[in-house]
Amino acid sequence: MTVPVSSPEPQGADQAPEDLCGGRLTIDRDAIAANWAYLGGRLTAGTECAATIKADAYGTGAAGTAKRLAEAGCKTFFVALPAEGVEVRKVLPDAVIYILGGLFPGCAETYASANLRPMIGSAPELAEWSAFCKAHGQALETGLHVDTGMNRLGFRPDEFSSLLRDRDLTGPITASLLITHLACGSDPDHPANRRQLEIFRGATDPFKHIPRSMANSAGVFLGPEYHFDLARPGISLYGGKAIDTQPNPMRPVAMIEARVMQVRTVPSGETVGYGCTETAKERPRRVAMVAAGYADGLHRRASSSDERPGGFAWASGHRLPLIGRISMDMLALDITNTPEGLIERGSFVEMLGPNVAASDLAAYAETIDYEYLTGLGRRYHRRYQALPDADPAAHAAVLA
Ligand SMILES: *Cc1c(COP(=O)(O)O)cnc(C)c1O
């Protein structure tokens, strides 16, 4: 009998014991399901709430997250790559699965046998898929992507209209969903939103019998005009912040707790870490060395220096600022202001979770929470269970 060395979801015997890992990553699938239900509640009556689960469901584990969402009632799923679709199909035999990346060359047979619907956005893809469907003798269900100004994927509106008029090209397929994607949805006041909405309406109004979808997470919050027949949120399911300028109503779903390896005193005037970038100014510092670094997705750009404060962690009611550069396997936290003995060798500190929002960390690293969540790395001991509630002191500390 062969034992798999790795599975999509390392758990129990499949992964290194927690004692041997630098930290643990806890994923709360019930919170993901609760976020999905919350978004569904914000949608116009009759709009289906689907789920975008690309990039391993934003780092939460695509197979398990897809199963939990299906249990909650989700019927339609979006992934980026055909390989991701094949994985999800193994656990959800009946779900509708769209491949946002479209039809990959030479892969039509795989799409058909795994019942994956390509989101087609170019004439060569449509030609290959139509020819396959013809040969297959079946008008397979297909998504069509209209580009309304993002210039990433999709048919340009005039191209789209002429294609759908041309029955020779579209006859052998069944168009089951028309989508477009917002370029600036996170900024509700951006004029591109309304411009894209109008272009999408103009291009697709003649095909009202085909369901339409515009809203990612941000689109859900932009209001009913953006909802159409189906919404396909991603980041909000995973607790991320969809709208830059509004408080985030979503529940956090992931927590990283990293292990303290040692606590040391850095004398006044000495520096911490690579590059000697941060000095213990004016007084000695107590510093906790933590066993997680940029190889674990804690971006080096969030390092602290004499010039610029860095990210932070949280432990027992205390906000702990980084001191010095984040290394590959470790980072340093300034714990001078915590009571003696509160944080010691073997303690765990929260690097992400109910008290340390991914969007806050991301801001220090000049990136977005999407990149944080999808880049969490593979060295954590993973577990799937409920997260604790946020510490009321954490919110106050962030504002201070
Ligand atoms: C990633 C993606 C989504 C989900 O976007 P979020 O901002 O994470 O909600 C929806 N549609 C398309 C085309 C995407 O690429």
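Each Cβ is built from the backbone N, Cα and C atoms, and glycine gets one as well.
These figures come from a predicted structure and were not determined experimentally.
Sequence annotations record features per position, and here TrEMBL assigns active site, proton acceptor to K54, Y274. Here TrEMBL flags R152, M328 as substrate binding site. Marked as domain 'Alanine racemase C-terminal' by TrEMBL: 253-385. Feature annotation from TrEMBL assigns N6-(pyridoxal phosphate)lysine to K54.
With a 10 A radius on its CB, M328 (substrate binding site) counts 13 other CB atoms from all the protein chains. A Cα-Cα distance of 11 Å separates Y274 (active site, proton acceptor) from M328 (substrate binding site).
Most Cβ neighbours within 10 Å among the recorded positions K54, R152: this distinction goes to K54. A separation of roughly 26 Å, to the nearest angstrom, links the Cα atoms of K54 (active site, proton acceptor) and M328 (substrate binding site). R152 (substrate binding site) falls within neither a helix nor a strand when secondary structure is assigned with DSSP, and so counts as coil. The average per-residue pLDDT of the prediction over the domain 'Alanine racemase C-terminal' (253-385) is 96, rounded to a whole number. For the recorded site, M328 (substrate binding site), the DSSP three-state label reads coil.
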